[in-house]
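Student: Summarising the annotation, TrEMBL assigns domain 'SSD' to 598-772. For 1-23, the entry in TrEMBL reads signal peptide. Here TrEMBL flags 270-295, 357-377, 603-628, 640-664, 722-741, 747-772, 835-852, 1083-1103, 1110-1130, 1136-1161, 1182-1211, 1223-1246 (among others) as transmembrane segment.
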Amino acid sequence: MKLGSWAPWLPLASLTSTALAAAHNPDLTTIHEAGRCAIRGHCGSQSLFGSSLPCPDNGLAEEPEDEVRDQLVALCGDQWSDSKVCCTGEQIDSLQSNLQKAQNIIAACPACKTNFFDLFCTFTCSPDQSLFVNVTATVPKGDKFLVTQLDHLVSDEYGEGFYDSCKDVKFGATGGKAMAFIGGGAKNYTQFLKYLGDKKPFLGSPFQIDFPRPGKERFPGMDTVVHDAKPCNSSDERYKCACVDCEASCPALPAVTETQECNVGLLPCLSFGVIVVYAVFITLLVLAVSGHAVAAKNRKSKNERLQLLQDAGPADDDEEGDLIHRSGFVDKPTRQYILNTYCDRAFSKLARTCARFPAITIVSSILVVGLLSLGWIRFAVETDPVKLWVAPDSAAAQEKQFFDTNFGPFFRAEMAFLVNDTHPSGPGPVLSYDTLRWWFDVERRVAVQKSLDNGYTLDDVCYKPTGEACVIQSVTQYFSGSFDQLDPKEWAEQIQDCVDTPVNCLPDFGQPLAIERLLGGYNYSSEPITEAEALITTWVVKNYNAGEPELERAEEWEVSLERLLLDIQHEAKERGLRLSFTTESSLEQELNKNTNTDAKIVVVSYIVMFIYASLALGSTTVTGGMIMRNPAAALVQSKFLLGVVGILIVLMSVAASVGLFAAAGVKATLIIAEVIPFLVLAVGVDNIFLIVHEFERVNISHADEPVSDRVGRALGRMGPSILLSASTETVAFALGAAVGMPAVRNFAAYAAGAVFINALLQVTMFVSILALNQERVEAGRADCLPCLKLKQGMDSSMPNGYGGAAFSGIEEEGWLSRFVRKQYAPTILGNKMRVAIMTVFLGFFAAGIALLPEVQLGLDQRIAVPRDSYLVNYFNDLYDYFGAGPPVYFVTRGVNATARVHQQELCGRFSTCKEFSLANILEQERKRPEISYISDATASWVDDYLGWLNPDLDSCCVEKDGSTCFSDRQPAWNVSLYGMPEGQEFVEYMERWLDSPTTQDCPLAGQAPYADAVVVDEKHLTTPATHFRTAHTALRSQEDFIDAYAAARRIANTINEKNPGLDVFPYSKFYIFFDQYASIVRLSTALVGTALAFILVITSTLLGSIATGIVVTITVAMIVVDIVGTMALANVSLNAVSLVNIIICVGIGVEFCAHIARAFTIPSTSILERAPAVFRGKEARAWAALVNVGGSVFSGITITKLLGVFVLAFTRSRIFEIYYFRVWLALVVWAALHALVFLPVALSFFGGRGYVDPESDGGLEQDLASRRYRALLPEEEYDSDDY
């Protein structure tokens, strides 16, 4: 344990003149008058190692010798040039030695230094000493007496002024307050004076000095003689202190205009406004419905009265009118949309060609996919979080690169928490003598632990600022890691003393240890260290850039450290304690474990979807009844192999997209590997279901046509719908490629490519396979075994052998299609139900908008690791017990600090520093931590360097001949910077300063605190890069980290604005990960808004109706808003991962809606004419859209996605459970509800005009096809009331 004698008052009280012999009684202070002393001289000590104590001496003051006077004047000032004194030369020697120690701490503030010197110079040498000093206790020693206690009168005014001048003074690079060293952390002047006078052998005054309040009654004949303490903001430049040391000298920073949250009561204004608007809407709706009901009732009553006055009309007329009313042709679309017609013919032609030449189409597709997949040779996965989430051209990335290049990568921190919270009664104190003995041994084992491969130890990899000792932040380092220095009974007091005065217990690496980094779980200011619930140790390891061999050495040692600490966890458990820890490599290792777990769950999810999709496709023509009546026919009609091929096409599109972009050098990410197949499967399966279901209808209505023509008709009908969804999705995803964030940009590129390629393969390769499959069915060959021909599976009564059980009646339509046609569609399109649906969904939308402000930003690291990871406890302990914030550096870029003008823009401790210099601004920001998130004083290298040159600090800058630097310089060293080094001289002295070891005698030396803080260009005489170090407040949540980063940006901008010659930016290790949150809300809004704009343009163009395009766009917007609102309720924060999911939501939302919208705009004539008579116009087309594609949307995409999403619920990964399971479940539910419930209703109200299907021209062929279809339906299904 290092006990530095920092207290300058130590032997000051013993500085008196020659002892007076006293035969029997001490010469107490019996006479109090001017010109008379109270103590004088050294009269010995009470013990062998004790300090000398003064003798009582009430004699007269004397004239000193000339040499003594010169010495006194040089030390205490010109006011001592012509007065008598109560001190001798040996006293002045001791006084100078001890005041020099104080000056090392307080020299930066001239007022504090002057007041300190005045107090003790007057106490020691004043000729009127007896007026303010009264000896109250002595002890005999030989023929002399030693003073052991006295009263020293100091006026309240002087005491308060003295304290005020010193209370804010900072101490060197530590940024600690000088008051902690010279005043024991005093909070007022009485505590300050008490600390100065308390008897503390070895660490303070050798005798008791009391500072009672002056008073004539208590102290007759006595008075104070020191007056007018110099204020730190004195108008006299000789005494004025800098802003960093004197709050009164600081300029007032402009107030920070914080974004005030608008609230109405407990509700945000947005939420309140939405509620009000929705309430008004509901009120108007109720009034409208009520008015309509009253009007309808009145009309009915009137009609009934009129009916009584008339005779019943002819029955024939009624029947005729009813038939006309029921006719579906009244509101049937009559015009074709030319773009749709062109697309229909193009897709029909494409399908016929592919169906006629299936081999060429399939082989060509496989070859193209194979060629694209060659790019897998260059496939690479990006796992570096920095390269994933930060745009390489962003300010944060460039600043990190600048910092790492000039100062080296930020240190690697290995941290451990020893916590006492395992008892049922709750957390308790962690420190005990036995626990400390064990923990000292743990740190010893860490120090000697060798890595397996090369035997590296901590000494080989640690950070050594002085070149000798490793930086270890731990309570053990107060005692240099030696347990023998702890006393079994006084150990708590020893640690408490070090905590109170850390400069007296410097570790081997020379920098004081802040208690906030060593202990936690107790009140640092009011509770003793024995109440601490957590013991914290940090081993600081030197970091290197990727690829450097030293980095591999550090990582190898960290593996051995992890292994050791895992063993020590068991030892801690045996002691009733808990150990949590991390190494720099831990997070990446645990994330990889998470990824491996996720991969298994994702694969299972895909398999479930594959199986369902394959089986569901076969169920379109295979039912339970068919299997029971004709198993052979069921085997023929099955489409399991077709489903498998469809899924393989999805995988082929993913492989081709990955290969294409890998060849282009776009690295994949784990998000791409886990999400893209899921996404493309959602789109691909839906399209497959639509094509197959439409093909089944064409098989019925045009069963006598060749297979190629039927396939052409099916794709002609569904191709434009696929084009609509694929184009909007591709554009929506491609927009993300414009984002600078690599993870989002790469995902968007891969997703857009996969969706586009998948659509191409589906309208070519899948169509060819569909034609082959149909030929297999009509040839009576078994599914999965096409070489096996089953005669029982054919029916000669139908053309081309196509028939049998599939056309026996109800089975052909399927229960889902029949349910949609008979129950679901008529129900939701009823007038009352439509109003209710619009009301409810607008309510959902309003709630989603109201919840938008509640979505939090960030990604808690505890979510990113597996549930059972040892890092979970570490992150919990970090937030709960670590009382210090992360260090933050304000970095200067290209600033020439050798020039005076830039020195003045940087410095803070000199009188000519700019009012809003970097140091002054940071000091002022430190005083409002609730806004700035800055807690520590700034380690200003320029101030400490120039202060190091002060010749008064005779142990700091020393020339080769032993003389003090600047001792004979003209002009002399001064606080105005006039005549201080510039250019070449600045660089030469700086290099000496950076090599100068930091010691107790010279705490301003630069080796330990600033060795890597300044980059010096000797050739060009400049400083291209420097940094000023401070620290954030303790950050305990994602919101704190985000706000701290924003505050640092604001501070740097202020510095640059106030100092045009500076280029300053903030840097902390975590900034690179939180840079995204500065723009993620704006980015998310822009991406979604732009995507919606493209959706509006594309849908309006391809559907030929702006109104329908608007309805689709609004529906997709409602889906996204409701999903984001659900994120707020489900505690899913907004970050890069959820931003990717929001982009997915836009794409999948379009997929859900596009097919419904197109089936509404271009209705199938054969379905439209079957619409119930109660539906006319838009209502009839909405009904036809649901009947046509509603079942496919539900069974194809909704059920497929639900099955896949539910599997994700079983993941061990919290990030997958929160950011994928919750968001995707919300996506499927909201998208399905909006597409299948809200959209048809909205289209029935606000949809645009409809167009004639080119494949349904209304001619003889179509009429016969329609009749053929109806003939296949059983009598009970053909209800004249409906048709």
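Note: Cβ is positioned from N, Cα and C throughout, glycine not excepted.
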Student: Are there at least 3 C-beta pairs under 8 angstroms linking the transmembrane segment (1083-1103) and the transmembrane segment (722-741), leaving out pairs fewer than 6 apart in sequence?
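Tutor: Yes, the stretches contact each other.
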Student: Could you tell me what the rest of the chain brings near the transmembrane segment (1110-1130), counting residues at least six beyond its ends with Cβ under 8 Å?
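Tutor: Distant contacts of the transmembrane segment (1110-1130): 841, 844-845, 847-852, 854-856, 1088, 1092, 1095-1096, 1099-1100, 1103, 1138, 1142, 1145-1146, 1149-1150, 1152-1154, 1157, 1218, 1222-1223, 1226-1227, 1230-1231, 1234-1235, 1238-1239, 1242-1243, 1246-1248.
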Student: Short question: most Cβ pairs under 8 Å with the transmembrane segment (835-852), which of 270-295, 640-664, 1083-1103, 1223-1246?
Tutor: 270-295
Student: Using a Cβ cut-off under 8 Å, which residues of the same chain at least 6 positions beyond either end of the transmembrane segment (357-377) come close to it?
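Tutor: Long-range Cβ neighbours of the transmembrane segment (357-377): 652-653, 655-664, 757, 761, 764-765, 767-769, 771-772.
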Student: Can you give me the average pLDDT across the domain 'SSD' (598-772), rounded to a whole number?
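Tutor: Result for the domain 'SSD' (598-772): average pLDDT 81.
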